[in-house]
């Protein structure tokens, strides 16, 4: 039987394809040159174009100045970094330099996967970053990451709606109190066409991830949820811990000054409603300014305001989990990796990275850079809030991810939706929650 | 009179039947159109999004047709990430793994169908059991095995994983197609003096074409879309596949560079669409019609 070309062609194509794959795979091996040059992998989670550009530019500068220690830029993603790192650590193939955030370091640090940087970092870097920030990456006396960028939560405000309502514009020196904020939200809430439906809500709380907001904002009213007792963590949910959560619950379920529909949204999802005058105020992370600036319609006026104060010296306090740079314990070149981190976080470089990510540098020198003190795009408000930022109470709590996913997230979502009351929420967070934490602390 | 009445009644019944047929057919088409719209909606919305400006994407009244369509998102996507290289890597990995998986699955499925024994029955059971293991359970052992084979961060390593990953289902799928090939055809070939291998190659394989194409498509699309293995096993930026590259347009807390993401995602769907368009003709069954006289 004579074979037709159509029958043999796929087989030949398959063979060529397989061969090409093998050749391509073999040809792309990453064995470095055998000339004593060290190659370090830097896993970066930068994702916004300006930020990626800033990171790559710094890597290029390092490589130009350090021909013996080359850094290879490896792009990672915030969505999957934990699983990616976990697998790489277990397999002994982790990148040398790891970009992450402080809340993800706890288990990796306790698990022995990250190098203690205490003796690897230059003293001037240690001195330039406040102790508060170092507290976010210090576990059992070891320093497992350099906290280099952080961001407060702020209120992004529709300038025209605030002006129409004639409300006082808060500053970091004279912020709204939480009570005043409730009144302002009521003033901003409008039924403009008189059809009995609210057309503009005072505030839209995006609560797709409600836990970190609820915990971090509780600091302003003297709460913290996680308390250390005899070296062990315990969740308590007293009046100071729940004050902000109660306010949000009231705004959604009693006052009608915040829409229920936004509770399931992420920060980005609330922006269309914000631009359409449906929401007057958005509590968002400082870096969301980038999206607001990029997506705002021409001529749309917006400003950055501090979150309300709970009163007293710590009234503006809020918890943060800074972005960090760590070194893998398995790295063969830990000192070189730490040197690269010191280079990246040098004050002038930290400013470049902060501007690229629309965040605040932790470095005191960098924070004083004139380019960050400008009124433009709300930079100054952020810089003025930097002193009020505290390590998030969740940092260093073993079992926090499980507590958050299994207990706190559904419990807070139900509470904000009005499905359960405060007593039920407290019971869930503490009774069931502490059982989970206990398991990690035995 | 009675004849006329009977004729009228028959005509009325015929007309009713015809109307019923037309209505039924119309209903079928309407359902089909609805189903097509349902299937096409995400793709059409993706295409529409990829041509919209950031301002339009943040509009509270989204429109199907972009108000000011532009290619800026495509430019931004190409500027931000090496899309062409990632597409080439994906094509290489998905194409090769699909071909290898099918090449292994065909003889295996044939043996499992035609030579039933305890071993083949155990093999079939194992195929089913293997589908129950979640990804997270196998990723670390797999990572360690590949590291020992020095195949971490290599495309052949990833191809191997995809072959192993898609093989059980490919095998399962092909068994059904092999079963549908009449045994009498093979017996006729044997009577004509064909060896087992010749029978498989010249009689069974041509009849399996729809099954082969379907399995090939399944294996290709599985590998093309796969994300987690590629993320974990590949380190070098120049080896990353399309699915990994797409996640780089997404930041933390759900923030995303939506326009360029839509543009890149649309480009990522093109090879699968082309693959289906080229091979769907081969999926047509009924090749056995007339092969065996009843």
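Glycine too: its Cβ is placed from the backbone N, Cα and C atoms.
All TrEMBL annotations are machine predictions without curation.
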Which listed span TrEMBL calls transmembrane segment, if the choices are B:67-84, B:157-174, B:175-192: B:157-174
Segment assigned the feature transmembrane segment in TrEMBL (from B:27-47, B:237-257): B:27-47
Which listed span TrEMBL calls transmembrane segment, if the choices are B:5-26, B:203-224: B:203-224
Spatial neighbours of the transmembrane segment (B:27-47) far in sequence, C-beta under 8 Å, 6+ residues away: 64, 262, 265-266, 269
